[in-house]
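Undergrad: For reference, the structure I am asking about is given below.
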Amino acid sequence: MMQELINFTLHYIADLDIPIKRGTFIEFRNGMLNVSLIGRNCSQEQRDEFERYDKVQNILPKMVAELRELFSHLNLTFSIGGQISFDVFPQGWDKTYCLQYLEDFNEIHFFGDKTYEGGNGYEIYESPKTIGHSVTSPDDTMAQCKALFRS
């Protein structure tokens with residue numbers, strides 16, 4: 001079944017008409033796959049260029065939506081997690097997994113940039129066990145932390 005998903009994904013990427021493709025497109029990580037539409041060997045400038053392009057074309061969200069539909073029987077989560085990629089992992093293995101180890105804490109704050117539905121921080125951001133903070137950059141995270149600590 002995973003072979004079917006991988007074959008479909010590689011074929012989908014091959015058929016994309018995008019400005020650049022460089023290197024590794026599917027990376028096997030501990031407990032998950034990371035799928036990069038332009039490839040892991042791209043430069044930061046190429047990442048930024050693709051991110052601007054994708055904001056107009058919505059390639060990542062469209063592909064993730066299609067994979068969710070076609071492979072729903074595998075009980076996988078498809079989660080956009082960066083400028084050029086998305087993660088694929090078993091349902092329940094998202095960032096909320098860590099909360100089972102933090103039950104003794106009265107307050108848990110989560111800071112993330114992909115807190116929208118389909119983003120890799122959505123589930124933990126929306127969890128009733130956390131106080132979610134949506135951020136746009138490391139500087140924004142620092143500013144929100146400073147404001148929180150001062151209050």
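One-based numbering along the chain as shown.
Here the Cβ of each residue, glycine as well, is placed from N, Cα and C on the backbone.
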Undergrad: TrEMBL records R40, R47, S85, D87 as alpha-D-mannose 1-phosphate-binding residues. Which of R29, R68 is assigned to the same site?
TA: R29
Undergrad: Under a three-state reading of DSSP, tell me whether T130 (Mg(2+) binding site) is helix, strand or coil.
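TA: DSSP call for T130 (Mg(2+) binding site): coil, neither helix nor strand.
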Undergrad: Does Y125 (Mg(2+) binding site) have same-chain partners at least 6 apart in sequence with Cβ under 8 Å from its own Cβ, and which are they?
TA: F110, G112, T115, G132, S134
Undergrad: Quick check: with D113, Y125, T130 left out, which same-chain residues have Cβ atoms within 8 Å of the centroid of the Mg(2+) site Cβ atoms?
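TA: Neighbours within 8 Å of the Cβ centroid, excluding D113, Y125, T130: K95, F110, F111, G112, T115, G121, Y122, I124, E126, G132, H133, S134.
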